[in-house]
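K.L.:
Once you've had a glance at the structure underneath, I'll fire off some questions.
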Amino acid sequence: MITPFQIPYDADQTADLRSRLARTRWADAVTDDWTMGTERGVLNQFIDFWRDGYDWAQRRDRLNQLPHFWTTVDGHGIHFLHFRSGQSGSIPLLLMNGWPSSFVEFQRIAPLLTQGTPAFDVVIPTMPGFGYSDRPTRPYEAEPSDLYPKLMTMLGYGRFVVAGTDIGSGLATRIALRHAARLLALHVSAVALKPIPEDASPLSKAEIDYDERLQLWSREEGGYQAIQSSRPQTLAFGLADSPVGLASWIVEKFRAWTDCDGDILSVWPLEALTDTLTIYWMTNTIGSSVRYYYDAARLRPPLRADDFVHVPTAVAMWPHDLTLAPRERAERLYNVRSYTVFPRGGHFPAWETPELYADDLRKIALAAI
């Protein structure tokens, strides 16, 4: 059964959040920039706004104007948005965000996708353990790449386009490997990695440079990933109890991964980013969201050297995203029909560059139908 869903409001929980924010014990800082992590002045600005300027009841009412739904798939409660175009011949699109984002990111792109030619019916699920979907109670309890095609069937869709960014790209890739017959096309903003067979063609210069960039990124920026993939519960206890800790962990990632020239507020208004912070806080899902990395790294079967996605694939590289994979690397795993390096944009293209993202989704869909 699929039922409409409304984001709940809890006055006591909201008061508790404000109280915790007011009683923050601040860590000392020895720099006034981002070299060691979150910059104190910017975090102060977010916390002051969250405590004194942010009206969760009002923002919740605004977010509830979106088409929220809830259903159960194989025993797992799934929250999702479902934007219908109202046009005949519209193309079903399963669209997935990454971490630490939320459905808030898609408010700008959804109207662009449901209008125009071709128009899309857009389904945006919230992953298990994130936001208003159920939290898994055991390690690797839910595999979204199997749940989501069933959700699309429940909604009456046969074949569909699947797209994702960050870990959403990884999920989209697994759907294409496991349920290829269901797909019209695949769109990814991150290239999944698989072992390269010994008899494969030699690495190109671009691939060698890419592997070096990956190693550099892992050393300089990948600390969060190492923690979340190995000791997520250690982190979860702190972030679940401290809204300032939660904000620091998430805001630093949004600032680093957004194409904003270092000024996060030039792209993300305080209200929009605080919406995502509040969703994580009110649902107490920051811990279960970071555990996803542990499941993916240690429990989920890895890609095999002989895996190949035969579904027509568009690869979108955003210049301020984590790493830019060359076309040669993408072609080792995907049937690449389109490969584009965009002039601007980062980790959150649905918010940062919705027109470019929507146009690229439309191009691969048109090529596939």
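Each Cβ is built from the backbone N, Cα and C atoms, and glycine gets one as well.
Pulled these features from TrEMBL for this protein:
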| type | residues | note |
| --- | --- | --- |
| ACT_SITE | D166 | active site, nucleophile |
| ACT_SITE | Y293 | active site, proton donor |
| ACT_SITE | H347 | active site, proton acceptor |
| DOMAIN | 2-106 | domain 'Epoxide hydrolase N-terminal' |
K.L.:
Please spell out the DSSP helix, strand and coil residue counts for the domain 'Epoxide hydrolase N-terminal' (2-106).
P.N.:
38 helix, 22 strand, 45 coil
K.L.:
Cβ neighbours within 10 Å, counted over all protein chains: which one of the active-site residues D166, Y293, H347 has the most?
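P.N.:
Compared across D166, Y293, H347, the most Cβ atoms within 10 Å surround H347.
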K.L.:
Rounded to the nearest Å, what's the C-alpha distance separating Y293 (active site, proton donor) and the residue listed as 'active site, nucleophile'? Just drop the number here, would you?
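P.N.:
Their Cα atoms are separated by 12 Å.
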K.L.:
Please report the Cα separation of D166 (active site, nucleophile) and the residue listed as 'active site, proton acceptor' in Å, rounded to an integer.
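P.N.:
Roughly 7 Å, rounded to the nearest whole number.
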